[in-house]
Amino acid sequence: PSAMATAAASQQVAFSAPVGGSDRAVRSSGIQGINSLSFGNKSWIGTALACDSKAAAQRGHVCRAVQQSSKSKVSVVPLDLESAKEPPLNTYKPKGPYTATIVSVERAVGPNAPGETCHVVIDHGGNVPYWEGQSYGIIPPGENPKKPGNPQNVRLYSIASTRYGDSFDGKTASLCVRRAVYYDPETGKEDPLKNGVCSNFLCNSKPGDKIQMTGPSGKIMLLPESDPNATHIMIATGTGVAPYRGYLRRMFMEDVPNFRFGGLAWLFLGVANSDSLLYDEEFTSYLKQYPDNFRFDKALSREQKNKSGGKMYVQDKIEEYSDEIFKLLDGGAHIYFCGLKGMMPGIQDTLKKVAEQRGESWDQKLSQLKKNKQWHVEVY
């Protein structure tokens with residue numbers, strides 16, 4: 001990066017070494033000069049070369065790389081994506097889908113993760129704008145097995161990027177997709193005929209492939225931005241972390257003039273083991289840069305034990321911090337749940353138990369949270 005940075009010394013440039021990412025795809029994301037370098041799928045903001053050569057010469061300063069306050073953020077375009085008063089909804093419908101193009105598909109988990117999760121970047125050309133927390137529909141190729149002669153049903157995926165996309169230019173969207181694989185209970189072997197049609201189509205796709213897309217859809221997981229100092233408690237299992245990656249990039253990575261986040265974002269992520277952690281370097285970098293505004297707690301069910309000696313699930317982490325969580329909710333915090341629908345009963349039981357220990361009725365509290373629009377659930 002230093003050669004590139006030197007070439008651009010007359011402007012302020014943020015560059016850094018990749019953290020745990022591959023550097024095979026070092027490319028300038030081409031936003032207003034070189035404002036950020038992308039490494040594979042990860043864009044990192046770090047040391048800044050702060051040097052306005054004319055001013056430096058007048059002051060007799062030597063132009064040198066300095067460690068900028070670690071809060072250098074990435075410029076995003078086009079800023080008119082901020083101007084809509086309402087979120088875009090169902091711009092493209094199943095009968096008239098948009099044809100988008102695959103930019104990249106990368107494995108997002110380590111070698112010891114059970115199953116495979118992919119980070120899929122899709123080029124929509126700026127024609128299917130969305131807001132953080134919305135979903136796209138994907139129509140896999142082939143005919144609907146239940147309605148021969150008709151296209152496949154739409155599958156919804158939470159968008160894992162901000163409205164500006166991973167290249168910060170408003171032209172792409174990213175999805176976080178776990179490959180659905182079916183194992184025959186008798187033989188223990190994979191049965192490809194029963195594998196998830198759409199997840200395997202997406203994970204197998206190659207750059208340049210065309211895909212049929214609908215949406216965007218959904219309002220329940222939109223990030224409420226009227227109070228930039230609000231508290232947001234985000235609870236995810238597995239790929240349910242997708243919308244939160246969008247929120248957190250908007251809060252901590254992107255330079256969005258009309259949204260300066262000064263509140264608290266607290267992420268709880270439940271996965272099987274360390275290799276299954278998604279976007280971990282990205283989240284860990286926010287902890288370093290914004291320790292007062294971001295908290296991150298992980299529940300690794302195959303590596304950690306809960307206080308009773310059982311597997312550590314996300315609800316066990318919630319119980320561990322229940323006093324703080326309840327106080328924050330009483331103070332108006334938003335709480336979000338995203339992931340497989342099987343996560344909710346265990347979480348609800350835990351919250352009910354905690355409420356009762358505090359002498360509160362969980363049912364009353366829950367209806368109050370819903371009434372105040374503090375409760376946001378999207379499970380699948």
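Numbers here mean position along the shown chain, with the first residue as 1.
Cβ atoms here come from the backbone N, Cα and C positions, even for glycine.
TrEMBL labels come from automatic prediction, so no person has curated them.
Residues or ranges marked as NADP(+) binding site by TrEMBL: SER158, ARG178, THR239, SER301, ARG302, LYS311, GLY339, LEU340, GLU378. Per TrEMBL, the feature domain 'FAD-binding FR-type' maps to 95-223.
Structure with TrEMBL features highlighted.
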{"residue": "SER158", "record": "NADP(+) binding site", "contacts (Cβ under 8 Å, 6+ apart)": "GLY133, GLN134, SER135, LEU175, CYS176, MET221, THR239, GLY240, ALA242, PRO243, CYS338, GLU378"}
{"residue": "ARG302", "record": "NADP(+) binding site", "contacts (Cβ under 8 Å, 6+ apart)": "ALA272, ASN273, LYS311"}
{"residue": "GLY339", "record": "NADP(+) binding site", "contacts (Cβ under 8 Å, 6+ apart)": "ILE235, ALA236, THR237, GLY238, THR239, GLY240, VAL241, GLY270, VAL379, TYR380"}
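When other Cβ atoms within 10 Å of the Cβ of GLU378 (NADP(+) binding site) are tallied across all protein chains shown, the result is 19. Here the binding residues for NADP(+) are SER158, ARG178, THR239, SER301, ARG302, LYS311, GLY339, LEU340, GLU378. Their largest Cα to Cα distance works out to 27 Å. Here the domain 'FAD-binding FR-type' (95-223) has a mean pLDDT of 96 out of 100. Around THR239 (NADP(+) binding site), a 10 Å sphere centred on its CB holds 23 further CB atoms from the protein chains shown.
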